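Asker: Sharing a structure, written as structure tokens. Questions coming.
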Amino acid sequence: MKKDLIISRLIVESFFEKLNKALEVDVAIAGCGPSALALSLELSKKGYKVAIFEAKNEPGGGIWGGGMMFNELVLERELKGYVEELGINCKEFGEFLVVDSVHFASALLYHTTKAGTLVFNNVFVEDLVMYDKRVSGVVINWMPTIRERLHVDPISVIAKFTVDGTGHPANLVRLLSKRGILVSVSGSTENLCSCGTVEYEFPMDAENGEKFVVEGTREIYPGLYVMGMAAVSVGGGPRMGPIFGGMILSGLKAAELIEESLRREAVKIDKEMKIWRSLNQHVQGLSQRK
């Protein structure tokens, strides 16, 4: 067999094996920025099945360029333990850390994929899957297909929870709002009728922007979480520029919230299974008496 054929077969078979694994996951994330990398790493290393779909060729979001293409970025000192745990080199300057942005992006990508996160670049989330007024996954297509406006139908990915990590555009949330589907801007999904209009981000204010991005990370519609710059955009908070502590903390908060929801769901399923087993045993007992 020719080497060229072997190479092609290995790529095709390996990719489709990976894609098949991603068709039904615990968490589907649109966008592969810093928040998505932090979130996916936390959940993947705990055994949850996570897939990220990134429209661009290079995952990592805004990390790579640092500030104005000066490829250094800043983190708050409180994240020193986090970066050290991941083996990321940093320099300390008072209450801040400075990190090489290429090193930072590469480290986060390495750790999350090693933990089991499935990352698909050049894949665009063009719509949401919704069952019974709950977001239940994403609809994906190749980015070149979207860019060239080719008339090609997408495929669906089913997820227990979906996360909008698309950054400034907040694409997933706006897919709902443009259809007149009300979303929560108050931190609760209990009463969507009382929610306001989806906002856009405000001008630069790093100090308040860093606080806002963490506070704004939440479930914005049943089954749909928002984090990172998407949370800032949706909530009408200020942007913060090339400081990335808030992005990481937003991803970690989203991971905590989603893990709690996944655990509640697992308990619910376990109770339902126990009831089913009890009923099944009862029916079998009646059958044996007959």
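Quick reminder: no glycine exception, Cβ is built from N, Cα and C everywhere.
Annotation comment: TrEMBL describes Ser35, Gly62, Val125, His151, Val152, Asp153, Met229 as NAD(+) binding site. Marked as Fe cation binding site by TrEMBL: Asp153, His168. TrEMBL lists Arg239 with the feature glycine binding site.
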Asker: With Arg239 (glycine binding site) as the reference Cα, tell me which of the binding-site residues Ser35, Val125, Val152 is the closest one.
Answerer: Ser35
Asker: Helix, strand or coil at Asp153 (NAD(+) binding site), per DSSP?
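Answerer: In the DSSP reduction, Asp153 (NAD(+) binding site) maps to coil.
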Asker: List nothing but the one residue from Val152, Met229 whose Cβ has the fewest other Cβ atoms within 10 Å; the candidates are the binding-site residues.
Answerer: Val152
Asker: Around His168 (Fe cation binding site), which residues of its chain at least 6 apart sit with Cβ under 8 Å of its Cβ?
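Answerer: Same-chain residues close to His168 (Fe cation binding site) (Cβ under 8 Å, separated by 6 or more) are Glu201, Met229, Ala230, Ser233, Arg239.
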Asker: If you count CB neighbours within 10 Å, which one among the binding-site residues His151, Arg239 has the smallest count?
Answerer: His151
Asker: Counting every protein chain present, what is the number of Cβ atoms, excluding its own, within 10 Å of the Cβ of Ser35 (NAD(+) binding site)?
Answerer: 33
Asker: According to DSSP, collapsed to three classes, what secondary structure does His168 (Fe cation binding site) have?
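Answerer: Coil, per DSSP.
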